[in-house]
Every structure is written in structure tokens, then in C-alpha cells.
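Per TrEMBL, domain 'Neutral/alkaline non-lysosomal ceramidase N-terminal' is recorded for 3-313. If you look up TrEMBL, you'll see His8, Glu245, Tyr284 marked as Zn(2+) binding site. Feature annotation from TrEMBL assigns active site, nucleophile to Ser59. Taken from TrEMBL, the feature domain 'Neutral/alkaline non-lysosomal ceramidase C-terminal' applies to 316-483.
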Amino acid sequence: LPSWFAVHPVSMNNSNHLVNSDNVGYASYLFEQEKNKGMLPGEGSFVAAFASSNLGDVSPNTRGPFCANTGESCDNPQSYCPVGGAAMCMAKGPGNDMFESTRIIGQNIYLKAKELYEKASQEVTGPVSSAHQWVNMSNVSVELNATHTVKTCKPALGHSFAAGTIDGVGAFNFTQGSVEGDPFWDQIRDQVLGEPSNETKACHKPKPILFSTGEMTWPHPWHPDIVDVQIAAIGSLAILAVPGEFTTMSGRRLREAVKNEFNSHGTKGMNVVIAGLCNVYTHYITTYEEYQVQRYEAASTIYGPHTLSAYIQLYRGLAKAIALNATEELPRGPEPPLFSVTNLTLLPSLSAENAPANKNFGDVLEEVGQEYREGEVAEVTFVGANPRNSAENATEHNFLTVEKYSNISSSWRVVLNDASWDTRFYWSKGSRGQSNVTIEWHIPAGAEPGVYRLRYFGHYKKRVNLLHTITVPFEGSSSAFQITAL
């Protein structure tokens, strides 16, 4: 089941240090848990894919932006707070915290998808076809009308790009809506990265260029010139695979143009869907009007003010080829360059680890309570190790499980794992190669009474000699505890 929703998965804000999915991931989780009854996340035959659409300017944080330090609204063109500036401006979701907001938005998405799924009456039948082209987006001539032709630009990011958004602010003194450069930052850029050419500056107006990425090539080009455009058609469904984040209005214009193109060539009644962030990532695509205001999305529209017009022209060409059954005649376009992938990494190498004196890896440091009720948090802390060891040495690995005891079989059954939404795994790095792992189970309403335990699965680095370490698996378990009915 594929579903396309135009909403940013940023209900979890940038203060989150857990590795987890966001609102659309929670929607997928809910749908799959319903359809794969009794299965753990990732198990079962039903797959619910919640994909991105034209989400460029759509925030799930429905209460809007507020100053984190004073609580007043910062819903202004510069997203600016009187005290602390733009760095204090952060949007809030509908919940009391980001976890609750993720659940609320995710559940809303799931419920709408479920409603559409259950009411679906039109079967998609017919031929399957695809049209794909490479295009040099740095140099597309766009015919706006009979008398006006414009061009796209070499890639560049504007000053407002560095401001970030109300869902994740940037740093320093950058603000959204900047249509003039900052002499201080421009001077630093010129000295460190080089000044943008006059041609690129003129092409991107009114965007003041912060990074002229299309003119930066070391060690590889900083942004792509050669980009994919693609339409996949299944009967009356046309999926536009777009290489970036189209805004709401950009998406509307693109869908309408493609639908009209199909109609004009005799293919009536096509359902046109935008699948965002496909094939290659090229940041955002705003309308020409949105581009003039230069908020974050416009400053991140890297091929200049006519980027959307260029894509509309290109996707109309793909739609025409599909409608006329002439995809074989489409020129492939310029081949993208191939870059050798090196083993360069910025991650520090993992060194040998130690357990505290008289302790082993996986031993319990802080035990669970004996009894819990729904709404409470069962928590245990273990002698732990860096979770990267496990990630790098096990293809199928759970960091944790919640297990329930069965009196009938006198055995433990796994009921939750690390992908379950009610479990959390925290790694805390200590000194002298020691670290702790805390596992939490946020016991939901309706949890089945019974006897449970929390288990931890990890790997640690053991020094064999001066130059050599090996990775050793281990596990730990909490004591059994009781969940009682309210």
C-alpha cells in the first residue's frame, strides 16, 4: 500500500537524539500493526509505505512558531524573536512534547490513509510505462510565453538557507527573508570558498548567494548539474518522480500542467501524484513568487527563480511521450558523472571497552521495579557498550526486546522490540572506555497484565593485543516484573 502525504516528517525536532522514524513512520507502523496482527514491526506480508509528496513548505507543527525563551509568537517574515533573535524561534506540534506530537500527526495520517484504503472503488488497470531523462538543470531554456525565454542557473544557496526553518533553526545571525547579503559573511565566504561569479549572482537575483555551490568542485562538485526527471505511469495513475521538495503551490502547478498535457494528447482522466525526493536530491523548488520573498525554501531553490518553470516544461515533455507512446524517442540527455566512493569517514574508530570492576557487559546496574501499571515507565540500566559495534557487525539485530512470560508454555515470548514505539534505548558514554545503556518501556493503555522482562543485546570491543581488537556479542536481562490492571 503506497500513500503520498505532503507533510514534513519533522514532528520530532532537532533536540531529539534517538534514532527513530517520524510522523509518517508512525503512520506506517500503525497500519502495519493492524494488518500484521501479532507480528513485530518489520514482520508480516503487509507493507504500508508512506512516501513524501510536495511537502516543501508543509509543517506538521500546527501550533506555529514560538520563542523558546519567552513563549511569544514569532510568526513574522524573519521568524525573529525580540530576545535571542531567530535562533529562539521554534514551531510547536499539537502535543505537549515532540513524542506526543509525532503520535497525533502520525495517527491523523494513518486514519486518513485507512479511510481511503477502505473506501477505494477504482481499480488501477492498464499499461505500465515510464519516461526518464537526464537534464542539465544549470542550463535549461524555458519558454514562458511566445516572447519571453528565461534560463536556469548554476546551483547556489542563499543567505536564508543558513537561517533554517521554524522547524529547525540555523545558527549565528542569519534570518529568513534575506534579500540582501551580509558583508561579514560574504567576506568570509570570498576568502574561504571564493566569490560567486557576476553571472551567477545576476542569474539568482533577488537571492543573495551564500554558497555558490555550482562553482565549487573540490573534492567533488558540491551540487549536481545533471538531474533525473521521471514519470512512471500505471494505467490511469501517473507518478511524478521529482528530485527535491516542491512547495504546495509548486506541486499544484506541476500536477495541473502534467494533467493538461495528458488531456491534450488524448489521455483523459489521469490521476497525477507527486513522489518527492526521488533519484537525486536538489533541495527545494518554490514558485517564482515565493522565490522573490527568499524564505528558507526559496533560498534553497538552487537553480534560480525559474527552477519550477523548467521542471514543468520537462515533465510536460515526459507526459507527452507517455501519452503518444513515444518514450523510446525521448533523448536520454547528458550522462551524470561517476565519482569514485572512498572509504573516507569522519567517524572516530572504535577502541577497546571496559566493564566496571567486578561487573560484566550486560550486567544490571539499576534494576526495574517489581510492579507497574499502564501509563508508567519500566526502566533498567545495564553495563553497556557503544551501539555502533552492533550496527557494524550484525545485519539483523535488535538492541532490545520486551518479553512476556507464558504460564502455558513456561517460556518467554517477544512482544516488543527496538522498532516498537513504546520502547526507548539510551546509550550514555562514560570515561575509561565504560558506558551505560538504559532501556525504557512506556507502558501503554490496554497493556496486557502479566509477567514481563526487558532484555538488552549488544557487542563490545575487546583488546586481544596492542594492535588488534575483536567484537564480542553479549546480552543482559532485567528481573521479571508484574504489570497489574488499573
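From the backbone N, Cα and C atoms, a Cβ is placed for every residue, glycine too.
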Original post:
Looking at the recorded positions His8, Ser59, Glu245, Tyr284, which sits with the largest number of other Cβ atoms within 10 Å of its Cβ?
Top reply: Glu245
Original post:
So what's the average pLDDT for the domain 'Neutral/alkaline non-lysosomal ceramidase N-terminal' (3-313)?
Top reply: 95
Original post:
Taking just the CA atoms, what is the gap between His8 (Zn(2+) binding site) and Ser59 (active site, nucleophile) in Å?
Top reply: 6
Subject >> Residue pair Tyr284 (Zn(2+) binding site), Ser59 (active site, nucleophile) - Cα distance, angstrom, rounded >> reply: 14
Original post:
Taking just the CA atoms, what is the gap between Glu245 (Zn(2+) binding site) and Ser59 (active site, nucleophile) in Å?
Top reply: 13
